[in-house]
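Student: TrEMBL lists these features:
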- 21-313: domain 'Plant heme peroxidase family profile' (DOMAIN)
- CYS31-CYS111: disulfide bond (DISULFID)
- HIS62: active site, proton acceptor (ACT_SITE)
- CYS64-CYS69: disulfide bond (DISULFID)
- CYS117-CYS309: disulfide bond (DISULFID)
- PRO159: substrate binding site (BINDING)
- HIS189: heme b binding site (BINDING)
- THR190, ASP233, THR236, ASP241: Ca(2+) 2 binding site (BINDING)
- CYS196-CYS221: disulfide bond (DISULFID)
Amino acid sequence: MASYYFLMLFLVGATTASGAVLSTDFYSCSCPNLLPIVKKGVAKALQKEPRMGASLLRLHFHDCFVNGCDASILLDDTSKFIGEQTAAANNQSARGFNVIDEIKASVEKACPRVVSCADILTLAARDSVVYLGGPWWKVGLGRRDSTTASRSDANSNIPGPSLSLTALINNFANHGLSVSDLVALSGGHTIGLAQCKNFRSHIYNDSNVEASYRKSLQGKCPKSGSNLHEPLDHQTPIHFDNLYFKNLISKKALLHSDQELFNGSSTDSLVRKYATNTAAFFQDFAKGMVKLSNIKPLTGSKGQIRITCGKVN
Ligand code: HEM
Ligand SMILES: *[C@@H]1O[C@H](CO)[C@@H](O)[C@H](O)[C@H]1NC(C)=O
Ligand SMILES: *[C@@H]1O[C@H](CO)[C@@H](O)[C@H](O)[C@H]1NC(C)=O
Ligand SMILES: *[C@@H]1O[C@H](CO)[C@@H](O)[C@H](O)[C@H]1NC(C)=O
């Protein structure tokens, strides 16, 4: 009995000592004002441009899907590597870098060289969702920043809008996320915009697009040329709500990949649930975000605390 308890203590201690576990109070001594500083920086940016909330949420997602949440997406190209910013999904599309740089500068002023860019990006994504009316969740902290980045890893890991449901499910499974995580997290498309080139094929080639919605989009996004932005949720693009799921049921998804979640298959029932139950959507979205933001963090003595998010120290 005694040795059993001893073993339990040893295992718990070992997990903590290795630093593998993120914790909400990681900076409570070293940077007690971190949370209000990030929250204020996000509020300032979103007051100026509400869409920035969507951009910050997506930036975090694209960071985490490429070798974990290690702020690799923030690194500019160097002579040693080509970074993630020019990967297919990010080039001329990922945005919010300046906002993170500004928040990082405020954090550095208050607590020099302690807080990682990866943690700042994670907090900024959460605060953006809350600012736009979505759910709040606890953010575990203690991630460290990568010393490298990879365009080719970004190209092979970030899902694109032409994927089938099966391909989307496989992509998320490769990152440890379930089918219900896929559906709930796709609800992130309740905010933000997409470029014409990303939904052109959907509105011209797919059969499952509501007629008046198709017509209106075709008027804005011609078969070739123009690359205007359109809202992913055509009703409330700067409000975090469950209308994205209602849109899927009325065949008014902007992206092919969105409509794949509701086209007569196994995920239809989850879409129906989130479309009728905001609380269930918010709960599952928050749970999914915690799983997303816990993907392969660098902890302990791995990586570094970057001073400037765009470059390795
Ligand atoms: C399921 C697979 C997903 C695919 C195929 C996908 C694809 C896309 C595409 C093509 C865009 C438009 C980019 C552009 O035209 O510049 C976009 C935007 C966006 N995505 Fe996703 N996405 C996925 C999942 C997610 C997840 C899990 C989240 C967050 C939880 C997310 C959040 C966003 C946001 C907020 C925007 C708007 C960004 C802005 O306005 O700056 N997406 N996504
Ligand atoms: C990124 O976009 C720019 C502007 O459209 C283009 O010139 C460049 O070739 C693109 N880079 C990659 C790697 O696709
Ligand atoms: C429709 O699909 C065809 C065949 O895949 C493709 O060549 C064409 O470019 C698509 N049309 C649009 C507008 O994307
Ligand atoms: C949606 O489902 C219908 C009916 O099964 C099918 O004919 C169609 O090809 C599907 N659409 C897309 C874009 O997958």
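Glycine residues also receive a Cβ, built from the backbone N, Cα and C atoms like all the rest.
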Student: Measuring Cα to Cα, how many angstrom lie between CYS69 (disulfide bond) and THR236 (Ca(2+) 2 binding site)?
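Tutor: One finds 29 Å between the Cα atoms of these residues.
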Student: Quiz question: given the recorded positions HIS62, HIS189, which has the greatest number of C-beta atoms lying within 10 angstroms of its own C-beta?
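Tutor: Selected residue: HIS189.
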Student: With the Cβ atom as the reference point and anything under 6 Å counting, tell me which of the recorded positions (CYS31, HIS62, CYS69, HIS189, CYS221) are near ligand 2.
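Tutor: Not one meets the Cβ criterion.
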Student: In sequence order, what residues of the same chain, 6+ apart, have a Cβ less than 8 Å from the Cβ of ASP241 (Ca(2+) 2 binding site)?
Tutor: GLY133, GLY134, THR190, ASP233, THR278
Student: Look up ASP241 (Ca(2+) 2 binding site) in the DSSP assignment and reduce it to helix, strand or coil.
Tutor: coil
Student: Using the recorded Ca(2+) 2 site (THR190, ASP233, THR236, ASP241) as reference, state which further residues of the same chain have their Cβ within 8 Å of the centre of those residues' Cβ atoms, listed in sequence order.
Tutor: ILE191, GLN235, PRO237, HIS239, PHE240, ASN242, LEU243, TYR244
Student: Closest of the recorded positions to the residue listed as 'substrate binding site', Cα to Cα, picking from CYS31, HIS62, CYS196, THR236?
Tutor: HIS62
Student: If you count other CB atoms within 10 A of each CB, which of CYS64, CYS111, CYS196 wins among these disulfide-bonded residues?
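Tutor: The most densely surrounded of these disulfide-bonded residues is CYS64.
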Student: In whole Å, how far does the CA atom of CYS196 (disulfide bond) lie from that of the residue listed as 'heme b binding site'?
Tutor: 15
Student: Looking only at C-alpha atoms, tell me how far HIS189 (heme b binding site) is from CYS64 (disulfide bond), rounded to the nearest Å.
Tutor: 17
Student: Those recorded positions, CYS31, CYS196, CYS221, ASP241: which ones have a Cβ sitting under 6 Å from ligand 1?
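Tutor: Those recorded positions that pass the cut-off are none, since no Cβ is under 6 Å from ligand 1.
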Student: Counting across all protein chains shown, how many other Cβ atoms sit within 10 Å of the Cβ of CYS69 (disulfide bond)?
Tutor: 28
Student: Could you state the whole-number distance in Å separating the C-alpha atoms of CYS221 (disulfide bond) and CYS31 (disulfide bond)?
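Tutor: Each residue's Cα considered, CYS221 (disulfide bond) and CYS31 (disulfide bond) end up 48 Å apart.
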Student: Give me the Cα-Cα distance between CYS111 (disulfide bond) and CYS117 (disulfide bond), rounded to a whole Å.
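Tutor: Each residue's Cα considered, CYS111 (disulfide bond) and CYS117 (disulfide bond) end up 13 Å apart.
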Student: Which residues in the same chain, at least 6 apart in sequence, have a Cβ under 8 Å from the Cβ of CYS117 (disulfide bond)?
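Tutor: Listed in sequence order, they are ALA71, LEU74, ILE100, LYS104, ASP145, ARG306, CYS309.
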